[in-house]
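**Q** The structure's right below; bear with me while I get my questions together.
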């Protein structure tokens, strides 16, 4: 064999070896893109994965959530202070009234619009200084921005505000708020304010699951399950940041799309004229039709089914879907919403759907086992097609 022939054979063997290594890597690693609007439960899903397949939040890690939980308590208090003004309720003493004003200035409620603006500004500055050329570089950059870094609230101030009779009256009437209702998370943390503000406090699993904290960039999480590395890529769900999603479609084995079922009578903060559930439906339709995800399977999580059931007692999904004429029951309403999503996808697109309660630990343990088996099958099929 000539020298040129031997070189060609060597190159061929090298290419075959690289392909074998790539195939082996793909068989042992699976990338899942986590997508959904604000408050849909993406972060809670990741926490459940960590609880059942990760380190289960050891004590030293639980302490890291303390400041976020205190901030969640503060947001609940400020929320109630705003409702007290609307209801004409006054704090018991001028001193507490002054404290409420100062507390509100220090801990304003989260404005997603403001945070997105800051995030975009940081991203544009970084792009001018050093444009990114790979997805890894983009992930690193988008996960490095810290646009939400609020001051840690004083626990004594929170105790004082919470103990005021007018504050308690407002909280007792929370179910009668016509608009800007208190979230389930805020209710939970306010009801546990004594435990949370104690010196011995250590966050429980339920506390961690109920934290609400905005995801604006890209967060990557890794879990090893039965010898398979799961790389979960959690991307921001706000409308104006969705253009970034396309950068993370490459090598994705499946897309996990989260929907907040209770959003059927709510509106997006970015555009108060847009119904939140309709916005989620539109986002699902757009991404499921993406040519870059033509052969990618989807897992649809219709989340917060427990809160959805409670909400249906006083309102109907006809608020969001005027054509809905069915009974105002959980099963019928859930079936209709599921059908709207499945009808919006391409006919050939495989979508596995689940109605979930992401904060329910036993429920999620069983569901995650099912989802993991599903992802394994998806990955095997994908590896064979590679």
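From the backbone N, Cα and C atoms, a Cβ is placed for every residue, glycine too.
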**Q** Suppose you had to name the range TrEMBL annotates as region 'Disordered'; which of 1-23, 24-46 would you pick?
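**A** Checked against TrEMBL: region 'Disordered' maps to 1-23.
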**Q** Among the binding-site residues listed here (236, 303, 306), which has the Cα closest to the Cα of residue 215 (Mg(2+) binding site)?
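**A** Considering only the listed binding-site residues, the nearest one is 236.
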**Q** Provide the number of Cβ atoms within 10 Å of the Cβ of residue 209 (GTP binding site), excluding the reference atom itself.
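**A** Around residue 209 (GTP binding site), other Cβ atoms within 10 Å: 23.
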**Q** Would you say which of the binding-site residues 43, 303 has the most Cβ atoms within 10 Å of its own Cβ?
**A** 303
